[in-house]
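> From TrEMBL, for reference:
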REGION    1-21  region 'Disordered'
TRANSMEM  104-124  transmembrane segment
TRANSMEM  144-164  transmembrane segment
TRANSMEM  249-270  transmembrane segment
TRANSMEM  290-307  transmembrane segment
REGION    391-416  region 'Disordered'
REGION    432-467  region 'Disordered'
COMPBIAS  436-467  compositional bias 'Polar residues'
REGION    481-505  region 'Disordered'
Amino acid sequence: MDQIILDTTLPSSPSPPSPSNFISNSINQNHQQVQNQIQNQSQNQIIHSFQNLNSNLDIESSHHLQVHSDHDPSSFPGRPPGLHPLAIPPLTLKQKLYIILPQMLGAAVLDGLANFGIGCAMYLNAKNVRIWILKNNTVAGDMAITIFIQGVLTFCIASGMVHVDLRKNTITAFPYPWPDTSWGAAKRLSPDNAKTRIGKLWTTFHNDQGFSRGLHFFSGSDVNDIFDRRLSRSQFFTRLAWSIWKGSVLSVIYFFIIWPIAIAIVSPIWAGENLGNGNFTAPLIKGVYGFVYGLLMNPVCAMIAMGSEDSVRHHRAERQRQQFENPEKVAMRTTAAERVSMPVIPTIELSTPQADNLIEENMSPRSHLNENPLQRVESLRRSLELLSAHPNNLVNPQPDHDQPTPHDNYPGLGWRSSDVYRRRSIDVAPHRISQGRYSIKSTSGPLTRSTSTGSAHPRSTNESQGLFVSPRKLSHLPTNLSHHQRLNTSSSHRRQFSQQGIIPE
């Protein structure tokens, strides 16, 4: 019998943790729990903040839409917010007279005379003229047709002529467009609030409609300028078709306003009478009707053209171009010839009658008639008077930074523009008398250089006397002379510049 040996060994149990490991594990668990709580709280806070932000944005957007729909400031620059779209902009006196006199009264008189003439041709020789009977010459039907024919012609002609005046700068455009097409937009609704697809499509369509869409049809533009000669044939007929279409739609509006009022006035008085057989009643009715219609419609067509966005934009661009095209025009206080520096002759009192006589006696006939107009003499005389008050400029010339460069052009100066860059100024004259081709090398005769032609050649004795004085007459004048003026005593040391002035050497 085999001996059964029982294994009484117990399974090994885990060793109890040490105190240090137990503490570290508990710390890690607590730290993990704290991190999870912090992460959950931060996520909740972020979600809550985003929800608040979305709600705030919804409130602000809805408030913005409400304010925009209530006040609706115009988006065009320069237009004050809160104005009615049909409010006329502030006009100048010239614009008011232009609208009232030629476009309102003048056009109304022409329309009245034209309608009266047509009425005379239609009704004077007719035997039976009634107000309502259509088989006869009916006045009511004629008034209805006149609304459309005269309205289309008025819109095409008036708008086209106003555009011509705007293009020629006869009249200026409005400061901002009229009528204002940014006013009256429909209140926007969210398509997501619609429960059906048809409702969503209708809401989307409704957001793009409004009163401004109708005003935009009547706003003028360059498409109404049909009298521009630069247009091709296709462009002309395209603009003419657009003008006829707009004039027809505008005539429909006037039809529902003017025609019922006119019928209400005419029908009770002449409803059962015969207005034919040489009676002037029907022509007078037609003439007065055309006058009133032109008085009301023609200024509106003119203001549509003057307040079109294209006209306003072109007017602003033209005004800006004129403002910056010639910026020196406002700052230019003297002419170009008056800014040229000339030598000083203090021995001559240019404002005295004796000096004037002396100048006239020494002017040669050739220079007086051909090359020295009175304007040039007067400008040079003012230049000499200006330099006589500052004789130090001859000894120590200071560069003038305000003067233009020699190669600048001066548009609009006329005869002075060709002499500005050719004249020798005082800052280089003292250096030319002692060096270069202008130095004094010969005493046989004075060398006269014409600055207007750019040539240097000897002149005769009559022409070499200069523009103002002769050497002999200078000796009889007071002789309190400076270093440059003491050279005047010798005629052989003198070099004269013809026509423009004298530089004593």
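Keep in mind that glycine also has a Cβ here, set from the backbone N, Cα and C atoms.
Fair warning: this is a prediction, and the values are worked out from it, not measured in the lab.
Map the listed features onto the structure and describe their local environment.
Counting same-chain residues at least six beyond the ends of the transmembrane segment (104-124), those with a Cβ under 8 angstroms from any Cβ of the stretch are 137, 142, 146, 150, 154, 158, 275-276, 278-280, 282-295, 298-299.
Within its own chain, the transmembrane segment (290-307) is flanked in space by residues 88-89, 95, 98-100, 103-105, 107-112, 114-116, 146-147, 150-151, 154-155, 158-159, 162-163, 166, 171, 173-174, 176-179, 218-220, 224, 250, 254, 258, which lie at least six positions past its ends and keep a Cβ under 8 Å from the stretch.
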> Cβ under 8 Å, sequence separation of at least 6 from the ends of the transmembrane segment (249-270): give me the contacting residues as numbers and ranges.
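Sequence-distant neighbours of the transmembrane segment (249-270): 131-132, 139-140, 143-144, 147-148, 151-152, 155, 217-218, 281, 285, 289, 292-293, 296-297, 300-301.
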